[in-house]
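J.: From Swiss-Prot, for reference:
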{"type": "ACT_SITE", "residues": "Lys165", "note": "active site, proton acceptor"}
{"type": "ACT_SITE", "residues": "Glu323", "note": "active site, proton donor"}
{"type": "BINDING", "residues": "Asp194, Glu220, Asp245", "note": "Mn(2+) binding site"}
Amino acid sequence: MKIEAIDVTLVDVPASRPIQMSFTTVQKQSYAIVQIRAGGLVGIGEGSSVGGPTWSSECAETIKVIIETYLAPLLIGKDATNLRELQHLMERAVTGNYSAKAAIDVALHDLKARSLNLPLSDLIGGAIQQGIPIAWTLASGDTQRDIAIAEEMIERRRHNRFKIKLGVRSPADDLRHIEKIIERVGDRAAVRVDINQAWDENTASVWIPRLEAAGVELVEQPVARSNFDALRRLSADNGVAILADESLSSLASAFELARHHCVDAFSLKLCNMGGVANTLKVAAIAEASGIASYGGTMLDSSIGTAAALHVYATLPTMPFECELLGPWVLADTLTQTQLEIKDFEIRLPSGPGLGVDIDPDKLRHFTRAG
């Protein structure tokens, strides 16, 4: 089954609500949607970065250029089912650009799984779990509004784990914000925080113990992505788990973080690692090192979320579960059906490949003009 065509479409999907982070406020999310055609089938994937190039060195625009200029010409005509060879060719041809590679890699996995009439999770070994508890991000910036959202999510049995974005306000104001939320919902929900690199080590060393005392169970990326030494000291000095997100940007970074036990958990993201196989390698590094795997998101659409869910469902343990909330923070979905959240878990979709199909009308509607 030879690759006949690789199409890349830029889409911009509005957020259903502003998402306030330490470095930007996300009003919309842009994606490079990939469709690979072979043997009468189409495999789909996507590449993106939260808020554009402010979070990483890639964005939807660079992903499209890298694929169309370098990766697509290299892969067209090759055997679509030889996933290892295709990954090797991409690695040799392009340095970094992991989200571009992941978009291709996921589409190829989807294509092969569809050709075998298998779910993606079966293609890579089989799902251990059919649903994963899913956290919701509270990022309105308003304490009372965040409390109301948390109460609603618990009542509807959608989420009882909440990640709260910090770093825009002062640490003291952030702590008061956290304490008020935990006071209201802490007996019914777990609370973790994401600082998105906003603090230096001294600030983190003062305020992380106070967050732990307030009832926070997990602290994500408190310091700059490159400051592995600070992460190691903070992890050693605090009982609350420290989660690497921005710091986990390659297989090499995973090895270094694990070798020095800099953190307690890895935030897995297919787009950070270059696709399915490398994400599973990072999870294996984590497991061998006593580090927890956490199901991260790049605010993926239902396409990227389905792919990640299939991968995460094959992992034996995920103590802090996942945050695959992307499809529900967007104003609309790009697929014909929405993924399901039931009893606080996101459910693994059935059907071949990713288990979701692009809605052509919605794809056209959100395609960027020009």
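Cβ from N, Cα, C; glycine included.
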J.: If you measure Glu323 (active site, proton donor) to Asp245 (Mn(2+) binding site) at Cα, how many Å is it?
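T.: Computed Cα spacing between Glu323 (active site, proton donor) and Asp245 (Mn(2+) binding site) is 12 Å.
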J.: What count of other C-beta atoms do you get within 10 angstroms of the C-beta of Asp194 (Mn(2+) binding site), across all chains shown?
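T.: Other Cβ atoms within 10 Å of Asp194 (Mn(2+) binding site): 24.
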J.: According to DSSP, which kind of secondary structure is Glu220 (Mn(2+) binding site) found in, if we only use helix, strand and coil?
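T.: Once the DSSP labels are grouped into three classes, Glu220 (Mn(2+) binding site) ends up as strand.
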J.: Select the most exposed residue of Lys165, Glu220, where exposure means the fewest other Cβ atoms within 10 Å, treating these as the recorded positions.
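T.: Per-residue Cβ counts within 10 Å for the recorded positions Lys165, Glu220 bottom out at Lys165.
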J.: Among the binding-site residues listed here (Asp194, Glu220, Asp245), which has the Cα closest to the Cα of Lys165 (active site, proton acceptor)?
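T.: Nearest in space to Lys165 (active site, proton acceptor), counting only the binding-site residues, is Asp194.
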J.: Taking the Cβ of Asp245 (Mn(2+) binding site) as the centre, count every other Cβ atom within 10 Å, in any protein chain shown.
T.: 23
J.: Using the CB centroid of Asp194, Glu220, Asp245 as the Mn(2+) site centre, which other residues of the same chain sit with their CB within 8 A?
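T.: Residues close to the Mn(2+) site, other than Asp194, Glu220, Asp245: Lys163, Val193, Ile195, Asn196, Val219, Gln221, Leu243, Glu246, Ser267, Gly296.
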J.: Helix, strand or coil at the residue listed as 'active site, proton donor', per DSSP?
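T.: Note: the residue listed as 'active site, proton donor' is coil by DSSP, not helix or strand.
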